[in-house]
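Quick notes on the structure that follows.
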Amino acid sequence: MNIILNFSDEDMHHGPRSRFATEGNIFSSEGNLVLDKKFESELNPEEQPFTKSLTLILAFLLHVGLECFAFGIQEDVISITSLFFGIIIHKFIVTFSIGMKLAQNHPRRWWIPVILISIVAAVNAIGGSIGIIIEDVNINQTGRDVSTSVLMSLSLGTFFYITFFEILAPEFFNHRNQFLKYLATLIGFIVIALQMIFAD
């Protein structure tokens, strides 16, 4: 199915389009602008939910893998405990939100959210296992601290993208219950901040 943009008679007769127009090119024999079929996928609205879901999951996979890797290389009990509870609290909320987002994007193809969430769960275990393996390697404390800081920075960057651009932005675009949304967001930030303060 081609997408045709009509031009006026003046454009068709005075321009060079009608002379060089052939079937299958960008201009049809009538002088109309025709987009080739290779552009249909870019304009197909059915592919947009899958593209959005894939982008969301890829960013979340990077966040999850780096975060669990940083968790796996911790060696003292205090660092492990604080990071563990921090991961559990925010991962529960974010995973629930992402699951709802995937369910909204694919209301009839339920198997897509199931597969994507299963991949996320597997990456959790893989990232943590790699971190534990590297933790057993003889690395000095300075190198361990630097690697942890870099990985956590990358993980937080992807987390900010997911939180503000993929979860909060679509929610606030819908203007219903705006006050409750702002209140819930504020309470969530306060709870996480208090957890980090008392964990230290």
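Here the Cβ of each residue, glycine as well, is placed from N, Cα and C on the backbone.
Keep in mind the model is a prediction, meaning the values are calculated, not measured.
Remote same-chain partners of the transmembrane segment (54-73), defined as residues 6 or more beyond its termini with a Cβ less than 8 Å from a stretch Cβ, comprise 80, 83-84, 87, 91, 94, 98, 101-102, 116, 119-120, 123-135, 144, 147-148, 151-152, 154-155, 158-159, 161-162, 166. Feature annotation from TrEMBL assigns transmembrane segment to 54-73 (among others).
Among the features that TrEMBL reports, transmembrane segment is placed at 79-98 (among others).
Residues or ranges marked as transmembrane segment by TrEMBL: 110-134 (among others).
Remote same-chain partners of the transmembrane segment (146-167), defined as residues 6 or more beyond its termini with a Cβ less than 8 Å from a stretch Cβ, comprise 56, 59-60, 62-63, 66-67, 69-70, 73-74, 90, 94, 97-98, 101, 139. Annotation source TrEMBL lists transmembrane segment at 146-167 (among others).
TrEMBL lists 179-198 (among others) with the feature transmembrane segment. Beyond the transmembrane segment (179-198), the same-chain residues lying 6 or more positions past its ends with a Cβ under 8 Å from any Cβ of the stretch are 82, 85-86, 89-90, 93, 168, 171-172.
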